[in-house]
Amino acid sequence: MQKVFKLFENPFILIKLIRIAFIILFITVPLVMSSKTSEIFEFNKMMIIYFGTTLVTPLFLIHYILHKPKLVISKLFIPLTLFLAVVAISTLFSIDIHTSVYGYYGRWNGGLFSILSYLLLFFVFLQTHKISDIKLLFKISVITSAIVLIWGLFSKFGIDFSCFIFTGDIANSCWTDQFQPGIRIFSTLGQPNWLGTYLSIHFFMAGYFAYEAFLRHQNSIQNFFSIYLLLNLIVIVFTKSRSSLLAVFISISIGLILYFTQKLKSRTRFAARAILIAVLSFIIMVGTFTVSRSIFQKNVPQNLVITDSMTIRSIVWEGAIVLGNMYPILGTGPETFAYSYYFTKPASHNMTSEWDFVYNKAHNEFLNYLATTGYLGLISYIFVIGTVIVIFMKQINKSKKNSDSIFIFTCFLSFTSILVTNFFGFSTSMAQLLFYMLPAVSIIFYQKIEQDPKLINKSSLLNIRSKFYISTVAIVTMLSLFQIIQYYKADRIYAVGKGNVQSGDYKAASVNFNKALSLRFEHVYEDALSSSLAHLAFLVSFEDKSNALKLIDSSKSYNAHTLKVAPLNYSYWRTRAKNYYLYFQVDQNPGNLRQSVDSMKYFLQYAKTDATSYYMTALFSSLVYNETGLTSDKDDAIKYASKAIELRPDYIEARTLLDSLSVK
């Protein structure tokens, strides 16, 4: 132990370790993925971010305990603290506190813990990096993005390194219909829009390094970054991400406007910039979406009717605005949009090609915050962005024309790129990391931090109090890392359970879901376990009725607890309805079918425009009618089937059901 404490006596060893950790973070987050987890991309990236935060924060705390460095304080701390406070309070009043804390299971980014992690990384980054460190870090980040870019480019032409890692086959045929890199590439980021966002951010960083190499007459480096810029745009086009193209064009336009208006007087300059940016942004937006619509729709099979993404977005945005007005102060809770969208889902959504999709985000970061954290959340989020822009603009307006001023200028354009893509979509792990790191860069340049932080305590002696504090930090760190590892292990086991379900092995699935639940509580695991036990009870009932009844009791218990902790999760009410249908198959008690109907009716109080829920209610009502022969049950089935058809006229299953009821 004494040797460990000795290591900390070097005043800057921990700072160097933190800088190395950030480099590793910027390399691994965009590249990491695994086919062994329940979600290939975002889960692994968020685990890396949690792991990185859990390492760099204690390292800085230990450095502070020992050496009391002078802290870098910024005006941005106030809006960031307000934003975190609003998110925390919104979490306390959330319709699903667990989801609000950890994030929607399947996305993870956006929950209270993830935001806290980004803010801790922001703070530590600000305290430990100087200008030269930042340029090195961002150069490494651009090189990493080049790897991501090439990775995706090869997949476009049938050579997929991801497939090779996952299956041993280098062809891009390992993906499901949801993922088709030959049509829209996504590389190691997970979705085309996410890749497009990541590349649009790095487009401007690479532009700086190409310019720097030109000034220094470094031809080979200049050629590298110039080729990168060309390939960057090509790959963005191959993602077919209109928001990413828009981000590049709008940010370039903003850059040109800022450059050519810098000599105007301050008042005239502000008005001219505001008007020009608004007009050009509108023109570029209309032009990009008009041209890209005709180009990107060419690969869509003629027999498919695909609703334009902007049409669907506008419908979801409408629902998000109504939801925000329904919960105006603190929203429904961070990351609860997947559940709460059903409360205000516009009926017109049923007429689109994505009518039965789960929308876990509002596809607009601003409206997502409005819906899930209310107007307080939206205002505090805009307050953060506004403060960041002010900090950037002060530097741009006052900086002399040198390499550093150009660098901060390109960082600002990278930041505006994030804002544009967030407006037409939502943030993911890597984009969110850069959303918080770029303002830190601006502050470091603004305060001209070119040297390591000054130390108040330069003594190399460790007193008893320091040893106690360090030991406490170490213990908390170890416990936190243990929880992250448990989370990761639980998800891998959960993924195996999902595979068991797909193959129909409900016994193995139940065992694995139970294992995952024993490692970490997640109501997603508990819901899956409840469903698997219900299916297993049905299968076992043919040979061992008494055991089947025990499995049913367990299934009911798990489902009841799931609905207790997440009472407004539409998925869990559907699980309950399906479970009771399976219970009926075991004991032939019509009361179980009525429970299925009651479950669907309960959620219909909230999902009044969801065609699928009406169809499921009609289906279970018709099954009750088959058992009871009561006219009231038949009338219910007809009523709900008719409502489903009213919401979606070409709902084939609902029409088939209605036709069958008509002849009974």
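Glycine too: its Cβ is placed from the backbone N, Cα and C atoms.
Sequence annotations record features per position, and here TrEMBL assigns transmembrane segment to 12-33 (among others). Outside the transmembrane segment (12-33) by six or more residues, the chain places 40-41, 44-45, 48-49, 52, 55-56, 59-60, 62-63, 121, 124-125, 128-129, 133, 136-137, 140-141, 144-145, 147-148, 162, 188-190, 198, 429-430, 433, 452-453 with a CB less than 8 A from a CB of the stretch.
Residues annotated as transmembrane segment in TrEMBL: 45-64 (among others).
Counting residues 6+ beyond its ends, the transmembrane segment (76-95) has Cβ neighbours under 8 Å at 101, 112, 115-116, 119, 122, 330-334, 336, 339-340, 372-374, 376-377, 380-381, 383-384, 386-388, 391, 439, 443, 567-568 in the same chain. Taken from TrEMBL, the feature transmembrane segment applies to 76-95 (among others).
Taken from TrEMBL, the feature transmembrane segment covers 107-124 (among others).
Per TrEMBL, the feature transmembrane segment maps to 136-154 (among others).
As annotated by TrEMBL, transmembrane segment applies to 194-211 (among others). Within the chain, the transmembrane segment (194-211) has long-range Cβ neighbours (under 8 A, six or more residues past its boundaries) at 30, 41, 138-139, 141-142, 145, 148-149, 152, 185-187, 221-222, 225-226, 228-229, 232-233, 235-236, 239, 241, 243-245, 247-248, 251, 255, 406-407, 410-411, 413-414, 417-418, 420-421, 425, 428, 430-431, 434.
Annotation comment: TrEMBL describes 223-239 (among others) as transmembrane segment.
Residues or ranges marked as domain 'O-antigen ligase-related' in TrEMBL: 228-382. If you take every residue in the domain 'O-antigen ligase-related' (228-382) and average the pLDDT, you get 83.
Per TrEMBL, the feature transmembrane segment maps to 245-262 (among others).
If you look up TrEMBL, you'll see 274-296 (among others) marked as transmembrane segment.
The transmembrane segment annotation in TrEMBL covers 374-393 (among others).
Residues annotated as transmembrane segment in TrEMBL: 405-424 (among others). Residues 135, 193, 196-197, 200-205, 207-208, 211-212, 242-244, 246-248, 250-252, 254-255, 258, 313, 363-366, 385, 388-389, 392-393, 395-396, 399, 431, 434-435, 438-439, 441-442, 445 of the same chain sit 6 or more residues outside the transmembrane segment (405-424) yet have a Cβ under 8 Å from a Cβ within it.
Taken from TrEMBL, the feature transmembrane segment applies to 468-488 (among others).
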### Summary
Per the Cβ filter (under 8 Å) with a sequence gap of at least 6 from its ends, the transmembrane segment (107-124) is approached by 18, 22, 25, 42-43, 46, 49-50, 52-53, 56-57, 60, 80, 83-84, 87-88, 91, 99-101, 334-335, 360-361, 368, 426-429, 432-433, 435-437, 439-440
